[in-house]
Amino acid sequence: MDRHEQVVLKNQALLLYQQTPYANIAIIFTVIALYWLFIDHVSADVLKIWSISICLIAVCRLGLWYSHLKNKHLAPAITWITRHVWLTLLMGFAWAGVSTFYFLIDDVQINTLFYVLVCGVTTAGVPVLSVWFPAYIAYTLPQVLALLGVTFYQGYHDPSTQALSYFLFIALLIYYSMLLSLARRSYKNVVNELNLRHKNSLLVNELNREVNQREELVQNRTQELLTVNAQLKASQAHMLTLSSAVEASPNGILITDAEGIIQYVNPRCEHITGYMAADVIGKTPEVYRSDHHNNEMIEEMWASIRSGKEWNGEIQNRRKSGELYWIKEYVAPIRNDEGTITHFVAIQEDITEARVLANKLSYQATHDNLTGLINRTEFERRLIELVQDARQHDSVHALCFIDLDQFKVINDTCGHIAGDELLRQLGQRLIGQVRKSDTLARLGGDEFAILMRHCDPGQSEKVATEVREVIELFQFVWDSRVFTIGASIGVSSIHRHTTDMTEVLKQADTACYAAKNAGRNRVYIYQDDDKHLVEQQGEFHWVNEIKLALTENRFELFVQPITSAKSGKAEIYEVLLRLRNKQGDLSPPSAFLPSAERYNLSDKVDRWVLEKTFDWLEKHINQVPDLRKIAINLSGASLGNDEMLKLISDLFEKARFSASKIKFEITETAAISNLREATRFISELSKLGCEFSLDDFGSGLSSFGYLKHLPVKSIKIDGMFVKDMAHDPLDFEMVKSINDIGHVMGLKTIAEFVENEDVWQKLQSIGIDYGQGYHLGRPVPIDSILKPTQNSSLENSIKAEIRAT
C-alpha cells in the first residue's frame, strides 16, 4: 500500500469514528423508546436482555471511539477500522434480535413497526457507515436477513397472509438492494473526495514549496546582482588588465558603434580574417562578406541585436586572401547607464576545420564506404523524390536493380579483400555507363541500383542491357587469375500510378529474381500482368518466414554486453534478435531485418521484441542484480508511431521494474528522416524514466545541428569509423571528434565494433564511455546472463543429493 492509499485510509478511519458517539447515543435512546413500546407485548426479561445487550455494545463502541481519539497513532488505520467493523457486526446481530419479537406479538400495528424499524435503522446507517462499505454491510445485513426470514416463515405457515408476506419479502429485498447501491455510491464518493482532497493537499504543498524556492532563488539572484554590481564598480581600476585579456583572447572580438561601423578588432580577429585593424576600422562588417551569405539570416541578426536581443549563428565569410572560412559568431548589444544601445560586440570562433570534418561525415553518410557510390540511405531518399515527382508531374522514371552473379564464388575462393576490390573496380566501371542526371548506388553486398530520370521503359531496357554487357565483359584479375561475372537485372518503371518507394523496390527486386531463375545474366522487365513475376520468391521468402516466426514464436532473444571503459564491467546489454527456422538453424538479423523493413513488418518485429523483453525482465529482474540497463532497438517504422507509443507506455505502466532499466536505441538515419515526430516520440517516453541512444552515429549524419534537437542521453559511434581507427589516423580523428562533441553536449558515448585490444586501448585513451564488440563480448542467449537465486541454488543441491542416493 503506497503513501497515498495510507493517507486516504487514515481519513476514512477518522470519518468513521467521528460518527460513532452520536450514532451510539442515538441507538441507546432508541432502545429505551422501544423498551417502553414493547413492554406490554413482550416478556420483560427478554426485553431487558435485548435492551441491555444493545446498550452494552453501544458502550463498547463508545469506548473504542475514545481509545481511537487518544491512541489512534498506536495502530494502523486498517486495524482501527477492523475493530470498528467487528463491533458494528455485533450491533447488527443485536438489532437482528428484534425480529424475534415478531413471533411474540400478535398486534398488526406493532408487527408493521418491525419493517419500519429495520428500514429506518438500515437507512440511517447509510450516512453513518458508508464511509467504510464493509461496516455498513456488517451492520445491516444481519437485520435484513433476520426480518426476511421472519417474513418468509410467516408467509409459509400462514396461508391467509401468504401473499402479503411474500410481497413484503420482495419489497424489503428491493429496498435493501437500493440501500446497498446508495451506500456503495456514497462510499465511492467519500473515497473520491478523500483522494481529491489529498491530491489537492499535495499540489498545494508542492506549490508552496515551489513558491518558497522561487522566492529564495529571487533573493539569491538579487544578492548575486548586488555583488556583481559592486564588483563591476570595483573593477574599473582594472580596465587595463581586461583590455589585455581581450587582446590575448583565443576568439576573434569585433566591436562596432550603434550604426555598425567597426571601431575595434583584436589580434585574433585579424588572424582569422587576414585584415589588419587599420584595414577595417571605420568600415562595416560587409568588408568580410562572401557571395555565400544568407541575406535573410543577416537581416534577422541586425533586427535582433538592434531590438536589444542577443544573436548567435554560423556565417561563411571571405578572408582578405579570397579564401572562404566559417565562423561561429555571437553578437550582443552594449547599453549605457540609460539603457540605450551604444555598441555591438561580436565574438567569433573559427570553425572551418569542424565544418570540413562535418562535410566529410556528411559525405560518408550518403556514400558507400567501399565503392564511393551513393549508399542505400541516400538512394532511398532520391527514390522517394522520384516517386513524388512522377505522381505530381506525370513523369516517367525507371529503377534498375542489379544483383551480381557468381560473386560469391570469387569471395569464397579469393577472400573478402578480393571481393571488396572487385566491387570497387566494378563501381568505377559502371559510373561511365550512367548519365549525370542518373543515380548509381551500391545497396549492400553485391547489389547495385540505378535511378534513371525521365526514362521510358524502352530506354531503361536499353540502358540495363548495356550495363549487363559491361559487367559481362568486365575482367577481374587477382593473383594472376582472371575472373568474370554476370549480372541479373530487374527493371521497373516509376509513373503516376506508383504508390510509394516500397512498391518500386518490390517490383524491381521481383524482376531481378525472375532474371536469376530464368538462367541468370539477363535483364527482366517488370510487368503488372506477368504471372511468372508474381510467383517469384526473392525477399518474399523472408517476408513469409518472418510472419510465420511471429505466429509460431520462433524468434529468440540474444544479448551483447556494452562494457564501461572505466570499470571494465558489462553494465548494459543490448537485445539482439535471431530467427530459428523449422530445421532448427539460427539466422542473424542481417538476413531478415532488411526484408522486414522493406515490406512493413519491422514494427511487428519490434512489438514482439518489446513484449518478450519486458516479460523476461518481469520474471528475472532479481537474477540480474548487476544489470544497469537493457537496450532495445526500435526501427524507423516504430519511431513516431502512436500505436507503438501507446504499447510502450502500457508496458511501462504494468511493469514492476523501474523504467530507468530500459534504454531504446534508434538509428541516426531514422531519427533525422522524421525529426519532428522522432523528437515528440522520444520526449513522451523519456518522461516515463527511460533513455534513448542514437545508434550508428556518423553513418547518416548531415549536420551536427540535428543532435541538439534530439533528447537522447547517449550516442553510439558507427563501427565503420571504429574498426580501423587503431591504424587509420582519419578514422581515429573522426571518432575522437564525435566523442568530444558528444561530451560537450552532455552525452555518453558508446563505440561499436570493438574487435581487438588495440582499438579498445585507443578508445580508452580518448575518453570513450562504453565499448561494444566481439573483443568485449559476443552475443549470447539472454538467459545465459542470469545469476542463480537462493531458491535455485537450494533446488540444485537437492537434485544433486537425490542423484547421489
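Heads up, the Cβ atoms here are built off N, Cα and C, so glycines get one too.
Note: TrEMBL annotation is automatic and uncurated.
Among the features that TrEMBL reports, transmembrane segment is placed at 20-39 (among others).
The feature transmembrane segment is assigned by TrEMBL to 46-66 (among others).
Per TrEMBL, the feature transmembrane segment maps to 86-105 (among others).
Within its own chain, the transmembrane segment (112-130) is flanked in space by residues 16, 19, 23, 26, 34, 37, 88, 95, 98-99, 101-102, 136, 139-140, 143-144, 147, 150, 168, 172, 175-176, 179, 182-184, 186-187, 190, which lie at least six positions past its ends and keep a Cβ under 8 Å from the stretch. Annotation source TrEMBL lists transmembrane segment at 112-130 (among others).
For 136-156 (among others), the entry in TrEMBL reads transmembrane segment. Panel annotation: around the transmembrane segment (136-156), residues 85-86, 88-89, 91-93, 95-100, 102-103, 114-115, 118, 121-122, 125-126, 129-130, 162-166, 168-169, 172-173, 176, 179-180, 183, 187 of the same chain, lying at least six beyond its termini, place a Cβ under 8 Å from a Cβ of the stretch.
A Cβ distance under 8 Å defines the sequence-distant neighbours of the transmembrane segment (163-183), meaning residues of its chain 6+ beyond its ends; these are 115, 118-119, 122-123, 125-126, 129-130, 133, 136-137, 140, 144, 147-148, 151-152, 154-156. Annotation source TrEMBL lists transmembrane segment at 163-183 (among others).
In terms of DSSP secondary structure, the domain 'PAS' (238-284) contains 21 helix, 10 strand, 16 coil. The domain 'PAS' feature in TrEMBL is assigned to 238-284.
Here TrEMBL flags 311-363 as domain 'PAC'.
The domain 'GGDEF' feature in TrEMBL is assigned to 395-528. Summed and averaged per residue, pLDDT over the domain 'GGDEF' (395-528) gives 90.
What TrEMBL records for 539-793 is domain 'EAL'.
With a cut-off of 8 Å on Cβ pairs spaced 6 or more residues apart, the domain 'EAL' (539-793) and the domain 'PAC' (311-363) reach 3 or more such pairs and are scored as touching. With DSSP classes pooled into helix, strand and coil, the tally for the domain 'PAC' (311-363) is 12 helix, 30 strand, 11 coil. Remote same-chain residues near the transmembrane segment (20-39) are listed as 47-48, 51, 54-55, 58-59, 61-62, 64-65, 84, 91, 98, 101, 105, 110, 113, 117, 124, 128 (criterion: CB distance under 8 Å, separation of at least six residues from the stretch ends).
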